[in-house]
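Here is what TrEMBL says about this protein:
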- Ser10, His76, Gly173, Phe174, Gly175, Gly176, Gly204, Gly224, Thr225: substrate binding site (BINDING)
- His35, Asp37, His76, Asp202: divalent metal cation binding site (BINDING)
- Asp37: active site, proton acceptor (ACT_SITE)
- Asp202: active site, proton donor (ACT_SITE)
Amino acid sequence: MPVEAIIAPSILSCDFAAFGEGCAKTIEYGADWLHVDIMDGHFVPNMTFGPPVVAKIRQHVEPPAKKMGKGTFDCHMMIAEPKKWVKDMAKAGCNLFCFHYEAAFSTDADSPFETSEKKTTPQGLIRYIHEQGLLAGIALKPGTKVDVLWDILENKEKSELPDMVLIMTVEPGFGGQKFMASELPKIEALRKRYPDLNIEVDGGVGPANIDQAADAGANIIVAGTAVYSANDPAGVIKQLREAVAKRTGKL
Ligand SMILES: O=C(CO)[C@@H](O)[C@H](O)COP(=O)(O)O
C-alpha cells in the first residue's frame, strides 16, 4: 500500500503569543498534522513547553477522527528521559509520541529493578507508548547511523514496531537552520528496505529542497520556517504535498 503524503508544520515557528489560534489556522491552511517540538534544555540546548501547553492547544484543534488522521499531534520529544512523559503527554492530547533513539536507553523510573535493569530499550519504549494508546515514532539525530534501526524494524513483535521513523536534517534544538542534504541517504536506505514505512523528514525543509526529500523517499514532511514565514502558508503546504504525492502517487 503506498504511503500517504502528510504535511506537519512545526509549530515551533508559530507565534507563541497567539498559539491556540495559530495552531487552528495551520490546520485550516491545509496541514494534516501539527509537529509539536518538546525540548527539555538537556537533551538539546533549548527549551520549549510541556504537557500543560499541549493540553491548551488541543482545545483549539479537533483530535483526529482516525489513526494518523487530520489534527494528529506529532510530538517530537527532544528530551533525555522520554518514558517518564508518555502518560502525561497522552493525557494532554498527544497522538504520536516520537522519542530519540539517542535517549531511548535512559533510566526507566517505573522499573522495579535495580541499576542496569532500570534502563529502557527502544523496543520496550515503543511497546510502552502503544500500551498508553499512542502511536510511536523513533527519531535519529544527524550523527546517528541508520543501521541502528534495522533490528528495531525487523522485530516480529508487532507492538514493538514503530509507526514512524523521523530523520533529522538539522541538529535538533532550533528552527530556521540549514537543511543537511548529507542525511538523505538514510531516508533512501530506509525507503529501499521498507516501501510501506512512514518516514518523516525534519529540519530546514521547504520548497527549495522538497524534491530532494521526496525523491529520497520521505512521505511525512515537517516544515517550520518555510510555512510560518511565508506570505501564503496554504500555498506552501500545497506545494509540499504535491511534491510528495508526485512520488507516492497518493495525495
Ligand atoms: O525539531 C526541530 C528543530 O529541533 C524542527 O522541527 C524545527 O522546528 C523545524 O523548523 P525549520 O527547520 O523547518 O525552520
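Every residue gets a Cβ built from N, Cα and C, even glycine.
Note: TrEMBL annotation is automatic and uncurated.
If you measure from the Cα atom of Asp37 (divalent metal cation binding site) to that of Gly204 (substrate binding site), you get 14 Å.
Taking only the Cα positions, the spacing between Asp202 (divalent metal cation binding site) and Gly175 (substrate binding site) is 10 angstrom. A count of other CB atoms within 10 A of each Cβ picks out Ser10 as the most crowded of the binding-site residues Ser10, Thr225. Taking the Cβ of His76 (divalent metal cation binding site) as centre and 10 Å as the limit, one finds 27 other Cβ atoms among all the protein chains shown. Within the same chain, residues at least six positions away from His35 (divalent metal cation binding site) with a Cβ under 8 Å of its Cβ are Ala8, Pro9, Ser10, Ile11, Leu12, Asp74, His76, Asp202, Val222, Gly224. Cβ environment of Gly204 (substrate binding site): Thr169, Val170, Gly176, Gln177, Lys178, Phe179, Met180, Thr225 lie under 8 Å away, each six or more residues apart in the same chain. DSSP assigns Thr225 (substrate binding site) to a helix in the three-state reduction. The Cβ of Gly173 (substrate binding site) lies under 8 Å from the Cβ of Met39, Val44, Pro45, Asn46, Met78, each on the same chain and at least six residues away in sequence. Summary: among the binding-site residues (Asp37, Asp202), the fewest other C-beta atoms within 10 A of the C-beta are counted at Asp37.
Excluding His35, Asp37, His76, Asp202, which define the divalent metal cation site, the same chain contributes Ala8, Ser10, Leu12, Val36, Asp74, Cys75, Cys98, Leu166, Val222, Gly224 within 8 Å (Cβ to the Cβ centroid), listed in sequence order.
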